[in-house]
Amino acid sequence: MAVSFVHVPAGSDFPLENLPYGVFSTKANPRKRLGVAIGDNVLDLSGVASFYPPEVQDALNAESLNKLMSLGYTAWNVVRTKTRELLLKNSVLEQNAALVQSVIVPQKECEMHLPAEIGDYTDFYSSIHHATNVGIMFRGKENALMPNWRHIPVGYHGRASSVVVSGTPIRRPLGQTLPVDGQPPVFGPCRLLDFELEMAFFIGGPGNQLGERIPVEEAWKNVFGFTLMNDWSARDIQKWEYVPLGPFTAKNLGTTISPWVIPVAALEPFLVDNYPQEPEVFPYLKHQKPFNFDINLEVYLKAENSSETKICKSNYKYLYWTAMQQIAHHTVTGCNVRPGDLMASGTISGETEDSYGSMLELSWRGAKTINLNDGATRKFLQDGDEIIIRGYCESNGVRIGFGECAGKVLPATPFQ
């Protein structure tokens, strides 16, 4: 097994096989720059850009990943190969002690930023177990899935401006709700604040022109990499506002993503069969290439002044629709997608109750309580609660981790 000259602790999320991309700055150098995580450190790509082919150097000196994303999968492979080469023992980088000192930065000294300038954000609804659970709650078992659900990757356009990096607090929203059916609505703080366990991918490559589409079999070329996501949700606000146009202010309060983008190349050893689809999908959504991954997902709730409680363990492989199908459907109308666009999976729930990816499901719409380690209970999120999502693939002694996607709930800001 190849070994990096940079120490990688046992069980690290970021071994040599991972090499995820992020954007960071330090107090000593507040300029945003691209980095690759290795163990507990970050390789500053701007400081080693001269080792790479000229056609990628501008992208490595940029302040976001958008330029690198736009270069396409061939360039991504070139950069990944060279990065790995530089980090190996006895590399030309290791032999330059002064350069190592300046470009290998401890993660604890880094402030992480959004990895890309996100032009557009789309949220899908691709977990059959989540969609079924929500359908049973609100429509009954006989009508759990809407008639269109097995035919199209259902989704909606979210709000890119309120996508934030892990560690950013989320303020409890104010809004209109309908606590009692048949009575007038009321205005005030959300009372049913929820997390949603999701994953998302960034669009890469040149994208497509308006009026053109991306064929499903070619769609993998447009997936730069994956990140963890918590798409915060105000359930009571959503219930009142979503008819007839779907979620609006209930979903624009904040969407948290982890700072590290894991390349598809790092996930390929963990490919699994695509989820079985019945009935057969339309030809424009049909692909043979496996594009489903065995990614373990965990959600922890940390109440203020308390320890973490694991409240959910799920897996990316439970998604019914693949990222390739999501891209194909998104662009079949001729909608143009661009490098840096963010596309999310929707809540990822599994088959068992401990794999439900939201408080709505874990508490079954408030009918059950969720027990915390300190003896407290929850049905929905309280002020001061922190939600921490972690994800990793693991096989044959290799762990590919995603880091953390964390956010703490702050109290609503009252009107004066």
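Cβ coordinates are placed from backbone N, Cα and C, and glycine is handled just like the others.
Look at TrEMBL and you will find His130 tagged as active site, proton acceptor.
Within 10 Å of the C-beta atom of Glu198 (Ca(2+) binding site) sit 30 other C-beta atoms, taking all shown protein chains into account. Positions annotated as Ca(2+) binding site by TrEMBL: Asp123, Glu196, Glu198, Asp231.
Annotation comment: TrEMBL describes Tyr125, Arg139, Gln238, Tyr242, Thr347 as substrate binding site. Taking a C-beta cut-off of under 8 Å and a sequence gap of six or more, Thr347 (substrate binding site) has these contacts in its own chain: Tyr125, Ser127, His130, Glu196, Leu197, Glu198, Asp231, Gly357, Ser358, Glu361.
The feature Mg(2+) binding site is assigned by TrEMBL to Asp231, Lys251, Thr255.
As annotated by TrEMBL, domain 'Fumarylacetoacetase N-terminal' applies to 17-115.
Within the model, the domain 'Fumarylacetoacetase-like C-terminal' (123-409) shows a mean pLDDT value of 97, rounded to a whole number. Taken from TrEMBL, the feature domain 'Fumarylacetoacetase-like C-terminal' applies to 123-409.
Scoring each of the recorded positions (His130, Lys251) by how many neighbouring Cβ atoms lie within 10 Å, the top position goes to His130. Taking the binding-site residues Asp123, Tyr125, Thr255 in turn, the residue surrounded by the fewest other Cβ atoms inside 10 Å of its Cβ turns out to be Tyr125. Long-range Cβ contacts of Tyr242 (substrate binding site) within its own chain (separation 6+, distance under 8 Å): Phe248, Ala250. When the binding-site residues Glu196, Gln238 are compared by the number of other C-beta atoms lying within 10 angstroms of their own C-beta, Gln238 comes out lowest. Each residue contributes its Cα atom, and for Gln238 (substrate binding site) and Asp123 (Ca(2+) binding site) these two points are 15 Å apart. Applying an 8 A CB threshold to same-chain residues 6 or more apart, the list for Arg139 (substrate binding site) is empty.
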